[in-house]
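Notes for the one structure printed next.
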Amino acid sequence: MVKNISILGSTGSIGTAALDVISRHSDKFNVVGLTAYSNISKLVEQIHEYSPEIVCVQSNDLAIELRKQISKEVEIVIGEEGLCNVASYSKTDVTLTAVVGIAGLKPTIEALKAKKDIALANKETLVVAGQLIKQLAKENNCRLLPVDSEHSAIFQCLNGENAKSISKIIVTASGGAFRDKTREEMKSLNVDDALKHPNWSMGDKVTVDCATLMNKGFEVMEAHWFFDVPYDDIEVLIHKESVIHSLIEFNDGSVLAQLGVPDMRGPIQYALNYPNGRLDLPIKKLDLLEFGKLHFEAPDNKRFPCLQFAYEVGKQGGTYPAVLNAANEVANELFRKRVIDFLEIEKTIRTTLDAHDSINDPNLEQILQANEWARKYSFQVIENQLKSKI
Ligand code: NDP
Ligand code: MG
């Protein structure tokens, strides 16, 4: 059976990797929905190549511009509502969520309500609303399939295993671009330095999140929700080669790991084709002799406090995770725009978390309110920091 796929964020790093997988297996997949934010030229190319039935762009002006550039009959929808339409499009079997940030939350909810399986790359959705998303997936009998490489690794290791036998999950981390930098050196490092990721080629936001280790913190929270494992049983291991994508320790002492060269097409194909096994792809084969040695070390919480913020906030729950994510989105963006320094990212997040009054078991509206509050608050924190420098 051919699966109909909608891709939210098709013009991004994950989106284009997914389309590469799909184009090599057109007997298995058919593209029905695509979305861009503002990259019209790439979307036009994708429309010509994959003939989707529905596409989404950010604004009316962009939709008019897009219409001029395509001759095909394609429904064009707009903004957040449009994103939700593509996510829940009637013919879709699997929705791949590959937009950045909290923008992925509402469309994922709409897709679940419409009983779509989700291939989830957009980790921020699980970070801010893990409980809600899990509940909706259960109620609507939908699969939540991990695309993040670490979670795909764990998912692959769990194949045929009883998840109740997990004693520990070990999430590996490259350590990001600043793995070996001192705090003193971090003060003067800028966005160009942060974007030089040692192993993975990804979008800018997630690459900066790797440099702060916020990304690894989010992945700990993501692992908690995907696999129902308590935070105390999720460990992070710095492994600079990114060859072992993550590990599970079982209660008999056995440890299973998934290995491979870093290439997101691996986890993407596994999620899109699930439960039908693996697909042929021209991914470089792993040659362990090329590496000779693999390295492991514990994360340094003093140099990278964002990882601990995630454990703290994950355990506290309530609206704290939404605040963590929002403050990080704001600080990450302003660092990328060279408004703040690298170490001000963690400072902004800490100050915003400390000022928040969390609500327990929040509904969607309360999560979105906390997100709005934290965005405004963290902007203010940054403004005050800038004023104090003048
Ligand atoms: P990119 O920045 O490369 O791509 C983002 C995509 O989302 C683009 O299509 C962009 O459109 C669109 N987009 C951006 N902002 C919005 C918005 N506000 N509303 C709607 N669409 C938007 O990101 P990545 O592909 O790197 O990452 C996507 C998600 O996957 C993130 O959550 C990330 O953490 C996660 N992830 C990524 C990995 C990777 O290897 N890249 C690995 C694991 C997880 P346009 O091009 O028009 O701007
Ligand atoms: Mg990852």
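Any Cβ shown, glycine's included, is placed from N, Cα and C.
Annotation comment: TrEMBL describes Thr11, Gly12, Ser13, Ile14, Asn39, Asn122, Glu124, Gly203 as NADPH binding site. Neighbours of Glu124 (NADPH binding site), defined as other CB atoms within 10 A of its CB across all chains, total 28. DSSP assigns Glu124 (NADPH binding site) to a helix.
Taking Cβ-Cβ distances under 8 Å and a sequence gap of 6 or more within the same chain, the neighbours of Ser174 (1-deoxy-D-xylulose 5-phosphate binding site) are His197, Pro198, Asn199, Trp200, Cys210, Ile238, His239, Lys240, Glu241, Ser242. Look at TrEMBL and you will find Lys123, Ser149, Glu150, Ser174, His197, Asn215, Lys216, Glu219 tagged as 1-deoxy-D-xylulose 5-phosphate binding site.
According to TrEMBL, the feature Mn(2+) binding site maps to Asp148, Glu150, Glu219. Under the DSSP three-state reduction, Asp148 (Mn(2+) binding site) is assigned to coil, being neither helix nor strand. Sequence-distant neighbours of Asp148 (Mn(2+) binding site): residues of the same chain at least 6 apart with a C-beta under 8 Å from its C-beta are Leu120, Ala121, Lys123, Glu219, Glu222, Pro267.
Residues or ranges marked as domain '1-deoxy-D-xylulose 5-phosphate reductoisomerase N-terminal' by TrEMBL: 5-130. Across the domain '1-deoxy-D-xylulose 5-phosphate reductoisomerase N-terminal' (5-130), DSSP helix (H, G, I), strand (E, B) and coil residues number 62 helix, 27 strand, 37 coil.
In this model, the domain '1-deoxy-D-xylulose 5-phosphate reductoisomerase C-terminal' (144-227) carries an average pLDDT of 96. According to TrEMBL, the domain '1-deoxy-D-xylulose 5-phosphate reductoisomerase C-terminal' annotation covers 144-227.
The feature domain 'DXP reductoisomerase C-terminal' is assigned by TrEMBL to 259-377. Here the domain 'DXP reductoisomerase C-terminal' (259-377) is broken down by DSSP into helix, strand and coil counts: 67 helix, 2 strand, 50 coil.
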Out of Ile14, Asn122, Lys123, Glu124, Asp148, Glu150, which binding-site residues have CB atoms lying under 6 Å from ligand 2? Asp148, Glu150
Would you list the other residues of this chain near Mn(2+) - those whose C-beta lies within 8 angstroms of the C-beta centroid of Asp148, Glu150, Glu219 - in sequence order? Lys123, Pro146, Ser149, His151, Ser152, Val171, Lys216, Phe218, Glu222, Ala223, Ser246
In chain order, residues whose C-beta lies under 8 angstroms from the C-beta of Ser13 (NADPH binding site), counting only those at least six residues away in the same chain, are Ser201, Met202, Gly203, Met264
Across all protein chains shown, the one of the binding-site residues Thr11, Asn39, Asn122 with the most other Cβ atoms within 10 Å of its Cβ is Asn122
